[in-house]
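Asker: Provided herewith is a single structure, encoded as structure tokens, for subsequent inquiry.
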Amino acid sequence: LAGAFCIPLYVPYVLTGRWIFGRSLCKLWLVVDYLLCTSSVFNIVLISYDRFLSVTRAVAYRAQQGNTRQAVLKMVLVWVLAFLLYGPAIISWEYISGQSIIPTGECYAEFFYNWYFLMTASTLEFFTPFISVMFFNLSIYLNIQKRTKMRLDVFHEVHNQSFTEEMERSPEAKLSLKCCKWEQKESAETLDLSETKAQGAASTSNLDAKDLLATSSESSRKPKCCNKKSCKNSASTLCSEKQMKIVSQSTTQRFRLSRDKKVAKSLAIIVGIFGICWAPYTLLMIIRAGCHGQCISEFWYETSFWLLWINSAVNPVLYPLCHSSFRRAFVKLLCPKKLKVQSHDALQN
């Protein structure tokens, strides 16, 4: 919008030094220009707040993630607040004050040299948003650092445990060990009983072959839980399952930490560029209003003014570069056919 409407009208004004499009278009140009720049700032705050919630309150954030109505309401609120900050003042300032201070052939806001209004508006437009975004970004960074330390501590603690401790803590391992001990005890008792009966049969000859066969059958029908080989296999299986679980948890934790670090990094880049593009204009505007344009060179003011539009040009490229969700959103908006083709190919595969 800035490139399609604001810049084409401003370039002739800068080159000729004279506004040739009339007062009505001048006011419309001022309203749109201030609106776009302010909404850009407020949108950065909104996106930063959204990232802040996604990291610090992940459960509640995921629960509300499908609420499209709330997301649209927030975006509309950004544009309404951006308009209310400068729009009414641009439109009605000369009617409230009773006269216009803008010379013929010039186009700037009536409050251009009103230091008190500009200081108040700059606080709401730059200083408060900048501090808020810095707070959100710093909170995300500290939260990620805290979670990193906690997860690494848990990870090292699990890896430092021996297999014996894991077996003792596992209910399945306890059952397996008890089963093997019981089996060994039962085997020993059966062997002793068989030897005693065999000796008695040999000495007295009172038991016939049928009784011996029945006795042998009873001992063979003793309930068996497991043997030595199955006990070892059970322990080995439990150990493998534990190791696979630890590796899976470690991979998941590393993925989450990597994702959170990317969020913090992308926000840091956005905040840095936002500060570089907005701080010079805001400071020069306040100083210029205080000294009525006598202490600030026109060159530096124009340079700072163009930085605002550069920020608006950079943001649509910056967001997709820093976050995959924005890349998908831009593809969906700008190339819907390409997205449909990709979805169709994915379904076929």
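One-based numbering along the chain as shown.
Glycine residues also receive a Cβ, built from the backbone N, Cα and C atoms like all the rest.
What you see is a predicted model, and the numbers here were worked out from it, not measured in a lab.
Dumping what TrEMBL says about this protein:
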DOMAIN    1-319  domain 'G-protein coupled receptors family 1 profile'
TRANSMEM  28-50  transmembrane segment
TRANSMEM  71-93  transmembrane segment
TRANSMEM  113-142  transmembrane segment
TRANSMEM  263-287  transmembrane segment
TRANSMEM  299-322  transmembrane segment
Asker: Six or more residues beyond either end and a Cβ under 8 Å away: which residues meet both conditions relative to the transmembrane segment (113-142)?
Answerer: 38, 41-42, 44-45, 48-49, 51-52, 55-56, 85-86, 89, 101, 260, 263-264, 267-268, 270-271, 274-275, 278-279, 282, 285-286, 288-290, 292-293
Asker: Against which stretches of its own chain does the transmembrane segment (299-322) lie, if we need a Cβ under 8 Å and a gap of at least six residues from its ends?
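Answerer: Answer is 2-3, 6-7, 14, 36-37, 40, 44, 47, 262, 265-266, 269-270, 273-274, 276-278, 280-281, 284-285, 288, 330.
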